[in-house]
Structures are given as structure tokens and as C-alpha cells.
């Protein structure tokens, strides 16, 4: 349990009375409806949507009615799900699956079981002796809206086994279960945390700041409030109501219970849930935000990459600030309670936290010392939730009983917790114009994030924080201020003083001038005043008028864009490729359409991957074949665990092994998949032995791109890199050129990823923005007069970073990152030719 730090500053020197005037309520207003969408050939309906013109605020009326309207229509295009599947099997729904899954005893067609409907007994080839999936496995396939914290409809078909027979054993249930083909890993491991996490926040403003979610887009970085509870809407509404009358502080009590852990497969190997696949098929191939926004409403913004099944306990207790102050609770900062002595749920120490105990009893406002809060519970029986909404300060045993009863119910009624997410657009595949629709869904997600940007809100008074909740804006107030606009109360200590500036929303894009368009925003929502800080960021932004990715897709899938002539002639399905398949195959192949082949995991494509539908209605296919390039893990000895866990490993990929259950590894811990498709060194040389006394073990010295974990060096993650020199690099597998840093390239090489340096002009490197002191890179130093970072001289380098090979004036030489960065900073043209010293490349 964390050590509790209570920043409840009541005994401050000087209070500043807030003389703000009350803000008039602002009623929500709808904008006009957008035009009707194209008529859907499958549902014979069209939709239109209206956005919010004015968000309700300060207690004003909400918008009434639905944002969407739907009407019947006569389509001018057919339904894509009625087309054939070429060499693949067509389910009744129109979804296509591999013919190898037909008559295998499993219902791989999600909703209709068409693949098993007409199979004779003699044709059936059962692929496994059991078909019982792990309990609650269907939860791992749900979509998730990261802004609302709510799970949405199913996007992954968790019922399909993919023709595989992978089993997992539950020690608790003493039974074997069969894993879905979409699950990479599933582990039954019960984890019960007996240490509760207690946190105090001196205002809802502090709490919202702490729990905000930061979203990074192509244009800017934005922060939005997101409750981790599925009841986030009721939480924020209640918070707004409760702060109209007085100031509250928050005590947050949290804990989790885990019963299983899962990792889903990579997106290209996931089978989509049939309803989700249908919705993707119905999406228009021309960008229409209304249609794509409707998909986000139904299925969320992300899908689950991994997570745990279990329960999450989280209760917010509101404590009256004035009552805490009246009880002279002003020295908690100096008398922090120790984590071993302060437990509301399990026990209550009689010493060390007496001031806190007395203050909370007084602030509870009840005779029986019951502190009531708002529970946000995920998982477990619904009948236990009411018992978790309060704490009896004099009866910790009773608190424990109620919590334990709920925790036991989690085993049978778990929910997904501790989830890691991947954007939903990564699942756009196996439908016509999939690449175009994937790009459009990314655009729609950007617009969706814009709807939750606080720039739509009017300023809160006294430095309050505005957040968007549906069609309303809410104000979260700083300590000792309250009201619908935070207009009442007092600002305390260093909270008092000036008002920080806030950004307005971006303007519309300007007309194109010389191939570029611009937009702007102002720091006037509110403007800085009284010595407050100005906004951080740029006031203008420019970009190319034509999206480069969209232009590329026009060449790759011209039939997905308006043409002067509508294609009337089509090629048959592309020819099959052994050990490979067509990416985003679709169902229609008009003249001029290109398709791209790729190989199954563990194979690499040799030759030209692009085939084209010719005017003679025949496919123009070059020489190509799939060559095996992967290693497979052997059966490991008991107790040995491998990371990462994958069905196949390509040449150059690295696997690390470790021991569980108090054992230590004897032998090598890292193995490389060699060009002969064998592991080097041999994995049979690794085994687990009884762990020695950790006091006698030497601490290994890790490389700069490694970190110490469990007494051994493991690869860092790219985001763990500090400031490092920017370079352009190409992913040798996808051939995509990305902006990276020297440190990130070392980390990716450590993880077995193959990246090579390219010229600086081959990608767009981050602009060298002017930085304040405290954020200077290796090659920068602080200028005391301007309080800004300026370029170092190469001779002034202190922390040098990595040694790299740099070409300067046509000659290669080894220098540190700091020295190279100093030259680039001063405008000299340099080229990084290797992320290692020059001599290391020639050896």
C-alpha cells in the first residue's frame, strides 16, 4: 500500500476570498443536421447526424433528442456482403473463412454455423477432443471506449477455435479448456491483493487532473477526463451537483482481484465478430463522419490487446473541507500515516493517525461514524455493491466481511480489468476498400476526440477545470471553491493569484495556397490575467492539402474513389499463394484494381507482392513465393517461461527465458533465431535450479538500452528512452520509414526488430522547438538570461550519450550523440551512418 501523503492545507498563512460573480446558466443547443449519408445497399437506410453548437454549462438545460436520424431509401449500389468469396468459404452472413475450417466439427461461422450445416458424418474431421472454452472468454472480444471507460459490443469472434487444438488447465476448476484461435495466451492465476490503496485529493480538480487521459493525435496532444469506472457519466454528474453547495475533499480507496490473464493475437490474425464485420462492410468508401461516428458509438475506440479477468473495487468518499478545518486538521503533512498502520477495511491503528481518524469521524456527519461514498465496482455480484458504498470507521471487521463477500463472487462473475488497448481501426480488414475505410476510421476518431476537447467549454472561474461530458460541460473546482462555475469560496495559498490561459478551438482550415492549408487558435479561453501562465503550444498549424496516405490509396485501390467511368467488368478472385494470402482481399475486383499478397506468419514473400486486374480480365501476377523464415520454440522444461510468446519467430528475433516459483535460471537467458531457423545457443542448455541467496548474487551491469529486472538485464521499451538524437529508419519487414532516435533503434535491435538507417530527408523529423530550461537535450544548455535552451559547443559535452558514426563534410568519424547534436543544433549538415562507432561497422 502506498504511503499516504495528505496535502490538506488548512492552516495556511492568508486566505484569499473569491469575489467572482455567478455565471448565468447556458442551455445546450443543437447545430443543424449534416446531409444524409449515401443509401446503404445492405440495410436500405441512410443516416444523418447533428453536432452540438453550444454545450450546456453552469446548470443549464441539456440537449433534448438524439444526435442521429435514420430513414428508408432506395440504394443505387449493391450490398457488398452479397458478393462471393472466391477460393474461400462463404458463411450465410457473407463473411468469408478458410475452407480448411469447413466440416472440422467447430462452428467457425460466427452466427450461423454454415461451415458445419451440410457436413455428412463421413466428411467431419474433428480438430480437437474438447470444445469447452474458458469461462467468460467472450469478454476478451469486446470493444472499449477509452473516453467513457465503457465496454461496447463484441468486435472479435471468441467462439472460433481457428482449427487449432490448444488447451489450458485450470487448477482451481481442475479441468481442461480449449483456447480460441484469437487468444495468444490465457492463464488461470488468481491474484488477490490484500493491501488497499488509499489516496487523498484536496479537491475534485486534483482528482480529475490525476485521472485524466492524454491522447496524442497527429496535430497535437490533448488531455480528457476519463473515469476508469463504467459509471463515469453518473460520477461526473454527481460531482457537479455535490459541488454546487460546498467544498469537498476526496478519499479514494482501491483494490483489485484477478482470476485469469489473457493476451489476444495480432490484429492480422484475429477473426472478426460477424456483426462488427457487417458494420465494416456497410461503411461508405467516401468519408462520412456520421456513418463512422455511429460505428464508434456501437463498438468503441479500441479493442483489447491484453488484460485480466477479475474485479475492480473503487470507492470515492467526499469529506467536508470545512469540517476538516474545524477539527484543526492542519498538520497531517508533517505526521503522515504509515502504510502498515492505516487500514480502514482490514484494521485501524490506534496510534499515528488519530488526527485523521477524529477528523473523518467529524466530517462523516453521522452519529454512528459511517463514511458514505460512491462505489465504482467492476465485476462480482450486483447484490454486494450496496455494502461497499460505506465504511464503518469503528468496525473494520464489518468492512472486511462485506469486501470479502464481493471478492469471492468475482470468481464466477468477472469483468475485464487492467486492460491494454489497441485502436479499433487496426481491425478494419476483410471488407471491400478496407485500407481506405481504415484511414477514414482514424479520421473519424480524430473528430470524435475533438468533441471532447474542453475548448468547447466556457471558462470556469477561480482556475476551475472544464471537462466535456456528453453535451454538457462541467467545472471541477480547486480546493475551497465550489459552485456550478467554481465562483464561490476561497482560493488558498499558492492556488490564489493569476488565471492561466486556455486555448480556443481550432478554426476551420483555410483554402489551399500553393498546396498547403492552415488553421489557427487563440489563447483566450480564458486569456491569461493577473500574472497567470500563457498557453503552451502553437497558435497556427499548416499541412499538405492532399493527404499523402490517401493519395497512395488512390493508386492502390482506385475503384474505392469516384471515377469518371464506373467499372462494369471484374476479374475473378486472385490466384491462391501457397503459405500466403491476399491482404484485405474484399469481394469485387474491377479492372485496374491492385491487390497485395503477404505470407502467413513464419514465412517471407520473395518477389513482387502486387498483382493487377488487367483489361483482359486476367490477373497480372509476377514471380513470387513464400519462403519459411521462422523458428518455433521447443517444449521448455518445467518452470521456464519465455518472452515474448508467439507462434513463430522470424530470423533475427530474440527470445528471453526466466524461471518462476522461486527458481533461478542456469545457462543462457537469451536465444536468437538464426538464418538456419535454429535457436542459438541451443535451448536445452537452459534449466531452472533452486535460487541462491540473493545477497550473494552480483548485480549485472546493463547496457544503455537495457534495464535491470529481476536481477538481470532485459531490453527497455522505446518509450523508456530519454533525450536522444533524431534519425530516420526503415522497418525491414514492413519497409515503412519512421522517425526514431538513436536510443530507440538500440532498444528495437535489442528486442530482435530489424531497422536500418535512411537519409534524414526520407522522413519528417520532429521540429527543433525552443525549450525552457530543465528540458534541454544532451547538446543543449541553459542560458541564464533568456531561461531557454541554447546549443552547446562540442567541447562542452558532459553526458555524451551513445557513440555513433557520423558523416561530416564527406568524411565518416566517430563522435558522441552530444557532439553530433551540437553540430546539428548549430546548423551544420551531418548524416548519421551508424548507431555504433565507425570502427564497429567495419569489423
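Cβ coordinates come from backbone N, Cα and C, glycine included.
Since we're looking at a predicted model, the values are computed, not measured.
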> According to Swiss-Prot, which residue among 76, 539, 696, 758 is annotated as O-linked glycosylation site?
Replying inline: 696
>> If I look at Swiss-Prot, which residue among 36, 205, 277, 342 would I find recorded as C-linked glycosylation site?
In response: 36
>> If you check Swiss-Prot for C-linked glycosylation site, which of 503, 679, 705 comes up?
In response: 503
> Which is it, of 175-196, 219-240, 241-262, 285-306, that Swiss-Prot names as region 'Disordered'?
Replying inline: 219-240
>> Same chain only, please: residues at least 6 beyond the ends of the compositional bias 'Acidic residues' (108-120) with a C-beta under 8 Å from a C-beta of the stretch. Say none if there are none.
In response: 89-93, 95, 97, 101-102, 157, 159-163, 271, 273-275
> How far is it from residue 96 (disulfide bond) to residue 659 (disulfide bond), counting Cα to Cα, in Å?
Replying inline: 42
> Between residue 42 (disulfide bond) and residue 789 (disulfide bond), what C-alpha distance do you get in Å?
Replying inline: 59
> Top stretch among 457-487, 500-549, 569-628, 629-690 for CB pairs under 8 A with the domain 'LDL-receptor class A' (83-121)?
Replying inline: 569-628
> Within 10 Å of the Cβ of residue 721 (disulfide bond), how many other Cβ atoms are there?
Replying inline: 18
> Within 10 Å of residue 782 (disulfide bond), Cα to Cα, which of the disulfide-bonded residues 28, 63, 721, 789 are there?
Replying inline: 789
> Going by DSSP, is residue 79 (disulfide bond) part of a helix, a strand, or coil?
Replying inline: coil
> Could you tell me the C-alpha distance between residue 571 (disulfide bond) and residue 79 (disulfide bond) in angstrom, no decimals?
Replying inline: 18
